[in-house]
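Enquirer: Handing you a structure now.
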């Protein structure tokens, strides 16, 4: 629903023009306000106090069924056509509208509270030369604000100055992209010189010209004009709303975008009202039912006209017609009378029951202990209650990588030193032993500076280092010296490292624990503690890392005056530069690297080279000349680096694990068995994404081929996609097979479906962001979709948030399949909103993705339980509910239809009016709810044991138009039995005492009793899983029926309310007759026998997967707990090239003299010592089979 204000704005022609460029001045509010930029208040609520009632009712009456019941209620007020009281429709309608309104109001109140809490946060704003505390909502574009450590960034800011050296600030972007490692931002020198001088900042009048508001998190273009000079602005100088300032005492920034214009809010995407495929199908079916109802009423109205002409005149003696009434008018009035009587084909209780069932299944998700994450005290949460059954129909899952599949915590896992591998444990027979929580850890207590959170299990490595092995010591010396990490020692012995990427931090921490502790650095020196001895190295040069070099080196001089170059980088790059004497060692190291890559670890090779003093002096002179050259500086420096990084001597290799969340590979394997396709859409570089693909078992060595699409032109991308497709399916047509159809209400919606194509073998597809941009263009998107859908696994790297949403929309549009998107950062929000179901990974504070999601939980592994258990059960329950509900109501209504032929088409009801009122609201409401909330074909363990049980939901096998037609045919048969057997039995019968039994009231009682008993028996046949609640509801409903009937048909009720209870004595006179009970038995038998027989035949001849598994369940006990086995060792020739950060390194910053100008102690990196990031403890994944035996949870 759009904003009411914006609607009236458009109505009055005040629609704001689209912003082309943003221009503002710092500290100049009048100038900036003239452009009418959005302020910093955010609004996510839909209603206010005055608009709630009209807008909510408008929304509710847009539902076809609600509008229909309102029309029906209006008809019932007209006495000439109403044979039922108006309250039979009014009470349920008001109840439904009230329940929905309360639910909507509750949701909106929560949104108002959330908005108010955010908008009322306080921040220091520079106004009229002084810092004032202001609410966030009062901040304007162009204001200068002061942020302090651990504060949320108020709006999108241009960084002006900070407390840190070189005007750096450290920010955590977990809420934006799910990454917990700190990012570095840097202000311009010209603004950084202002420092925290309030006078200088108040006098700052720079003019900023930049791009308009957009959702690109990784790009920013603009210029700052100050004192006639123009300075370029990019993303490194901007702090985005949603980030948190860390390890920075203070910083100042000027507001560029506020509130709805911030990149965080721009990425929130358009909120769409999500409806399930069953909802859409029900809309179509309800429309068909209306048509069917109209045709039934027309037939009966025509019948009434014919009867009035032929027979009606005979009855005018004691049923006189009103003045002017004739057969035509009687026929017209009877049409509307039958519309009222037969309206039970679409009872309003259907919609009430659907909402209750969805709410009940949502509570089961919220209450599920097996989806509760105790470490963060985070339960699973169904944030939307209207989509549960859609969870049982998912065909495509789109997942983010960082923070979703991985924890974004790097751990030093294994290493190879001088041809010997360390990090694994073997038993006495040489078998590899799996490392678990209980495995003994290496004791680092001898090292006072060791990091207590670091864990390693191979004791032999520590023994080798402490024995003084020169290669092992050189290995860790290299790790302690060759990096760009910044150290911080708050107090003696408490070291904190600020690493540009978590993997660099993991390597330096490993060196620290094994006795080579990096303590401090200056622009010219590095100080380390080596096995308890302080050593200061002279730092002569840092040869920095970038994406082309894929390596970094440092040149240092030790206290003895010996010069050494230490180098680490991608193994392929390092091996090209080794001295020939290392060939034998290289072969051994390659074997180890292949093992590490097989386990999905990120690898680096380490090498060193002794240098000669005279050569170094000359090289440094040439380096100085190259670094100061105006032309060809980069090329000249690269040549110098190539020259000195030759003839290296190999030390070994490291293996760092980008820790997957627990249970990710098992979850992906289970979902793949359920025929769910998983696509990973990540902003990471290709190499990292591929590596995680292997770790998760999404990419496997046994795949026939993994295609990489990385072309830089549209033609190139097209060619690569076509070549991949032709390899996978040579006989496929060049043009895709697109099936066109119509769907939706009134069949107005056109659909196009790209048909699936059969492929032999498994393939994988990896596509880069720039290639994806071309592939998503209109002329190439079908080629991308065809090729991607042939592959078992698809990984898209370096994708923008917008591209994530476009990929989801593409699959939704052309595959007509149900999609699910899962992520944990603001960069995933547009994808989460675009998919049919959005899942947010919670646990990190203030996760933006969770706020936009339909379901949330703390770990990716819970997704399999959400889909394979809760989703499948919800879908099964909803389908069984709809089939049974339509069956019981069509049967109820068809009996009226047959009765019309015996009552002169006079719209007389076949049942007692009170039975009609209570049939759906009391007698049959609870039993069907009991089945629809608690039923399960097999329990959760069997659901995991056979993921194939999920497949029928994807194919809509349980409820479809075909199933609906079969349901109507079944109802038609049952109604014929339920009307004609009692009618024939009562026609000429007498009581035991010879008195006549064949009156209208006795027949009505017999017909309705037969109906209710048959409906309950049918429900028992449909129920798979019996609980005490089901028994109570079924037997209780039958008991309630007989109790209410005997009470209403008693003398007392007739005497008190004579006109309302005319069936005096009918129950006691009829139900004491044996032939009445025999008729009930015969009717029930004839209704149920064909159902039992047909089910028996189908189970024997064409059993479904459910039938087969349920048969297996009867024969076997619960599946045995699967033993925990170590993952199979995979040897791979494909290795992760390097484990560096994704961007250019900070080597120049490290060697700069300015970075220590304002050095001071800073707060520790992890202030919350019990946070999961700080604890860095692995989780023990427990499969469903290992859970303790508990009572079955629904």
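Cβ from N, Cα, C; glycine included.
Automatic prediction, not curation, is the source of TrEMBL annotations.
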Enquirer: Identify the transmembrane segment range according to TrEMBL, selecting from 859-880, 881-902, 1101-1122, 1123-1144.
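Expert: That would be 881-902, per the transmembrane segment entry in TrEMBL.
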Enquirer: Between 1038-1064, 1146-1172, I'd like to know which one TrEMBL lists as transmembrane segment.
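Expert: Of the candidate stretches, TrEMBL labels 1038-1064 as transmembrane segment.
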Enquirer: Can you find at least 3 Cβ pairs under 8 Å between the transmembrane segment (1005-1026) and the transmembrane segment (284-307), where each pair is 6 or more residues apart in sequence?
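Expert: Judged by the Cβ rule, the two regions do not touch, with the required three close pairs absent.
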Enquirer: Tell me, roughly as an integer, the mean pLDDT over the domain 'P-type ATPase N-terminal' (26-89).
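Expert: Value for the domain 'P-type ATPase N-terminal' (26-89), mean pLDDT as a whole number: 82.
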Enquirer: Using DSSP, break the domain 'P-type ATPase N-terminal' (26-89) down into helix, strand and coil residues and give each count.
Expert: 31 helix, 0 strand, 33 coil
Enquirer: Within 10 angstroms of the C-beta of residue 827 (ATP binding site), what count of other C-beta atoms is obtained when all protein chains are considered?
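Expert: Total other Cβ atoms inside 10 Å, all chains included: 31.
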Enquirer: Whole-number Å distance between the CA of residue 827 (ATP binding site) and the CA of residue 400 (active site, 4-aspartylphosphate intermediate)?
Expert: 9
Enquirer: Could you measure between residue 602 (ATP binding site) and residue 400 (active site, 4-aspartylphosphate intermediate) for me? Cα positions, answer in whole angstrom.
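Expert: The separation of the Cα atoms works out to 19 Å.
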Enquirer: Out of 400, 545, 798, the recorded positions in the record, which is closest to residue 828 (Mg(2+) binding site) when you go by Cα distance?
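Expert: So, of the listed recorded positions, the one sitting closest to residue 828 (Mg(2+) binding site) is 400.
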Enquirer: Please give me the CB contact count at 10 A for residue 798 (ATP binding site), counting all chains in the structure.
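Expert: The answer is 21.
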Enquirer: Report, as a single number, how many Cβ atoms besides its own are within 10 Å of the Cβ of residue 683 (ATP binding site).
Expert: 26
